[in-house]
């Protein structure tokens, strides 16, 4: 550093002040000019020891500055250390980008394949009825048992008996051939053996089935309890008892069989018989295993409107054989009319299918192709929404937390009026959440869906906060248990899904990053566990995955071209000559491409990136580089929109102002084409408001003034620049925006205020220490501590986080309820708030992106294609 003569220290007042060439050192400007005239300094900062007014150093252009990350910290709010900031160089140099950029271009054949897949997936949505699923050998065996209603010695549904005879697997078992789950195979095989024995047919199949049972039953001991199908401990022992009566040669003395029988007896002992008939419970799903204790006249009162018992063909068949109830028979005929010669493990599955299909295409990032289809699916679900919750089917009398939480989250985000009070149905007296009313069963997938749901909370929804805490605890414990499995599904990578959800909850999960992650985790052959293993082809299939990969790579190739163009603009415009600011073109472009990624928003991404680049430059200019005189001149130039004023500006300001002037004029020309009216005055006004906020902060800094918390927030929510960025970019979202629409997202709107507030607060929580070390006196933490000198810094930081979390809940509500604002405009505001949460989740993810995970996000989003 260039040292000043200590004899001059007496001329400097006590305190800590930023000094400028013309304003703050008039008494010895000649001396300074003589020493550093070659450097043409424009900004100086004094540093002196604690409790002393002795000048130690003057830092200006041409002198050595402290690196950004090595800036001194001070314990005092009244006498911070001021140093000139020096930012780390940008990581994304051209050679780095070139080394990562894929040479693959989307071919005409791939584009044609995308069109075909889009058409086929649209047909999937349009053909959704009561649910598509695979055969259940177990349930089909129970339906095949039903004797002819005309009294003849034949099955009522002979086609189901024939299906059993024709669909035994090579190993002698029945069930899904591509996936072996011992519980499922043993249960289905036992059911088929008994049915064939009752009808005295299929001797060969019976023999092979018994052999399979004997050799494979012991494998159940090696499988996790969580893989035990629903109701297994009820129906399996009951069928074993029946098999023994029929004289079937089975290993009844196996240890696991004895254990299952003991579990059944213990469960039935705990079951008050009055509960069975008082209200619908999950026991209705397994009545075929409770035949010796059921009062059939009473149980009929709990029959669903569609004639089934909890949509289970097996349970309904058992009730029909005991009662002859016509509605049971009508239900079974209805199911067989759909599937022909077999039945699934439960049916219908209409709500489950629609919700999970929508969730799947959204998480894979291909939902922008299916907006109408998604709306139709959600309209259907909402028409069957119930304040007590929903189950997997519209006629299902028992709601479950899995379908309810999924429905609450998706419906809310799509603007449907649904209350979080619905989750109270699934909370016990200890505050824990469970899947079904009156039970304690929980699984990873249902708790994951509740957790995802809890993040779309509105202000004051304590049930959502409770759900978040409960499920986070459960899911973190599940991750620690390496042997943990989900109770309701066998998914490709449920662990990866949980890890992503916990690390990147809703407010920092950007669409492109979630798509990239879910493409890796998604299983096109995932199966679910009910009473038997079942598949949902409209939820898990290769078409979704194939389109997701093609679409991701196609969009990524477009983004790479746009980024190259922007980097060329950065250099050719002269902005690359500015040394006082951060070069973060790639990171800034990523912030846009991470959410407004669709091809039709290319201009919006371009404008968003350029305006964001300018907001960073202006922040650095007003924050530490420019003198108050020059900043005032710059602001006046923007206000008058007068290029002639650049002659009075320093060289770096000339570059900054000239490029801003030219770029904004170009944007305004394009904006006029898009909006059908002149928008230059509108854009200039947006910029003026930003510069006024920056100027106020520069004046605070010069005066060493620490404002009140509220005063700080009011100004800093503007100076964070997000409003400027959004209010200009929104002109290019493909919508003609009236003054009324603009007012709903304008400076006076709560929506925009919350975006600025949450962005400012998350920024401050991660940067206030470093900025305090550079001499900044105003941050949310410091201002709150000034008002509350009795609290610690940790307590102040906790308060700021609380304010931010509450504001994020309110932001959710504004995003969902602002239906008068076009979706693309609402997205722009909301996603800009979310990208701030992502960038500052670890620290200053813009300035220090090369040290943080942002670097990997940029790489995955913009450069690494999916295979």
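For all residues, glycine too, the Cβ spot is worked out from N, Cα and C.
Pulled from Swiss-Prot, these are the features on record:
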BINDING   267, 487  substrate binding site
BINDING   400, 402  Mg(2+) 4 binding site
BINDING   619, 623  Mg(2+) 2 binding site
BINDING   619, 623  Mg(2+) 1 binding site
BINDING   763, 767, 771  Mg(2+) 3 binding site
MOTIF     400-403  motif 'DXDD motif'
MOTIF     619-623  motif 'DDXXD motif'
TRANSIT   1-68  transit peptide
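Distribution of Swiss-Prot features across the structure.
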residue : record                 : Cβ within 10 Å
267     : substrate binding site : 12
400     : Mg(2+) 4 binding site  : 25
402     : Mg(2+) 4 binding site  : 27
487     : substrate binding site : 20
619     : Mg(2+) 2 binding site  : 19
623     : Mg(2+) 2 binding site  : 19
763     : Mg(2+) 3 binding site  : 22
767     : Mg(2+) 3 binding site  : 19
771     : Mg(2+) 3 binding site  : 22
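Taking only the Cα positions, the spacing between residue 267 (substrate binding site) and residue 400 (Mg(2+) 4 binding site) is 21 angstrom. Residues 85, 87, 580-582, 631, 634, 653, 656, 691, 694-695, 697-698, 701, 719, 721, 776 of the same chain sit 6 or more residues outside the motif 'DDXXD motif' (619-623) yet have a Cβ under 8 Å from a Cβ within it. Per-class residue totals from DSSP over the motif 'DXDD motif' (400-403), listed helix then strand then coil: 3 helix, 1 strand, 0 coil. Across the motif 'DDXXD motif' (619-623), DSSP helix (H, G, I), strand (E, B) and coil residues number 5 helix, 0 strand, 0 coil. You'll find the Cα of residue 763 (Mg(2+) 3 binding site) roughly 13 Å from the Cα of residue 619 (Mg(2+) 2 binding site).
Sequence-ordered, the extra residues of this chain that approach the Mg(2+) 3 site, with Cβ no more than 8 Å from the Cβ center of 763, 767, 771, are 764, 766, 768, 770, 776, 779, 844. Note on proximity: among 619, 767, 771, the binding-site residues of the record, the Cα nearest residue 400 (Mg(2+) 4 binding site) is that of 767.
The binding-site residues recorded for this entry are 402, 487, 767, and the Cα of 767 lies nearest to that of residue 619 (Mg(2+) 2 binding site).
For the pair residue 402 (Mg(2+) 4 binding site) and residue 487 (substrate binding site), the C-alpha distance works out to 12 angstrom. Note on the motif 'DXDD motif' (400-403): mean pLDDT across this stretch is 97. In the three-state DSSP assignment, the secondary structure recorded for residue 771 (Mg(2+) 3 binding site) is helix. Straight-line distance linking the Cα atoms of residue 487 (substrate binding site) and residue 623 (Mg(2+) 2 binding site), rounded to a whole number, equals 55 Å. The distance from the Cα of residue 767 (Mg(2+) 3 binding site) to the Cα of residue 623 (Mg(2+) 2 binding site) comes to 14 Å. Separation of the C-alpha atoms of residue 623 (Mg(2+) 2 binding site) and residue 771 (Mg(2+) 3 binding site): 10 Å, rounded to the nearest whole number.
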